[in-house]
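Quick look at what TrEMBL lists:
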SIGNAL    1-25  signal peptide
DISULFID  Cys28-Cys183  disulfide bond
BINDING   His84, His86, Glu90, His134  Zn(2+) binding site
CARBOHYD  Asn123  N-linked glycosylation site
Amino acid sequence: MADRLLFHLFILGSLSFSAIIISEASQCSINGLPLVRNISEIPQDNYGRGGLSHSTVAGSVLHGMKEVEVWLQTYAPGSRTPIHRHSCEEVFVVLKGSGTLYLAPSSHMKYPGNPQEFSIFPNSTFNVPVNDAHQIANTDEREDLQVLVMISRPPVKVFIYADWFMPHTASKLKFPYYWDEQCLQPPPQKDEL
Ligand SMILES: *[C@@H]1O[C@H](CO)[C@@H](O)[C@H](O)[C@H]1NC(C)=O
Ligand SMILES: *[C@@H]1O[C@H](CO)[C@@H](O)[C@H](O)[C@H]1NC(C)=O
């Protein structure tokens, strides 16, 4: 009798355990999504960053992308990315609005140093070299800045700097990055970066 009760409890336990796995899988996978998707209907979030709207158009964690990842991001007037670098290639296409790219080309200094400034404008495109510290800012007072972003080697591992003179060794690794946090299970081993 007691054995049977234990058996039933065991079955109940396994059922609720699989239910949890299934609900997490459906939240964090492309299974069931149509092949052709409407960008306007892709979920967007600010991930706690004021003035940002981020959509993962095609991602490694959500969509199983292996080599590249594509994001659509909108920056409200005055908002900007943190100063950061990553060991992947990154290409921007400016869809709307204007702003400034700050780029500190990699040098042999111990910190990024004073960045070069470039104006970015509608239909402009630029790529950020691997590991160059950079920042994108919407420096316009009225219009949103909207960019399509492509990165290689996803999921992205980002090193964040408090300012341009923070030593590389003091920059902070953010991995998984905010948009992958809920779904990515980072491998247990230490990252080589
Ligand atoms: C895409 O989504 C937007 C916003 O929901 C909608 O206005 C538009 O009609 C959709 N496009 C198509 C082709 O369904
Ligand atoms: C961007 O460039 C393409 C190709 O020259 C052109 O057709 C389009 O109108 C341009 N858009 C803007 C916003 O300038």
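Note that Cβ sites are derived from N, Cα and C of the backbone, with glycine treated the same way.
Positions of the features from TrEMBL, shown on the structure.
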| residue | record | DSSP class |
| --- | --- | --- |
| Cys28 | disulfide bond | coil |
| His84 | Zn(2+) binding site | strand |
| Glu90 | Zn(2+) binding site | strand |
| Asn123 | N-linked glycosylation site | coil |
| His134 | Zn(2+) binding site | strand |
| Cys183 | disulfide bond | coil |
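Note on proximity: of the recorded positions Cys28, Asn123, Cys183, the one nearest Glu90 (Zn(2+) binding site) is Asn123, by Cα distance. Only Asn123 of the recorded positions listed as His84, His86, Asn123 bring a Cβ under 6 Å of any atom of ligand 2; the order follows the sequence. Cys183 (disulfide bond) counts 17 other C-beta atoms within 10 Å of its own C-beta, drawing on all protein chains shown. Least crowded of the binding-site residues (His84, His86, His134), judged by neighbouring Cβ atoms within 10 Å of its own Cβ: His84. Neighbours of Cys28 (disulfide bond), defined as other CB atoms within 10 A of its CB across all chains, total 15. Neighbour counts of Cβ atoms within 10 Å were compared for the recorded positions Glu90, Asn123, and the top value is held by Glu90. Comparing Cys183 (disulfide bond) with His134 (Zn(2+) binding site), their Cα atoms are 27 Å apart once rounded. Taking only the Cα positions, the spacing between His84 (Zn(2+) binding site) and Cys28 (disulfide bond) is 26 angstrom. Rounded to the nearest whole angstrom, the C-alpha distance between Cys28 (disulfide bond) and His86 (Zn(2+) binding site) is 24.
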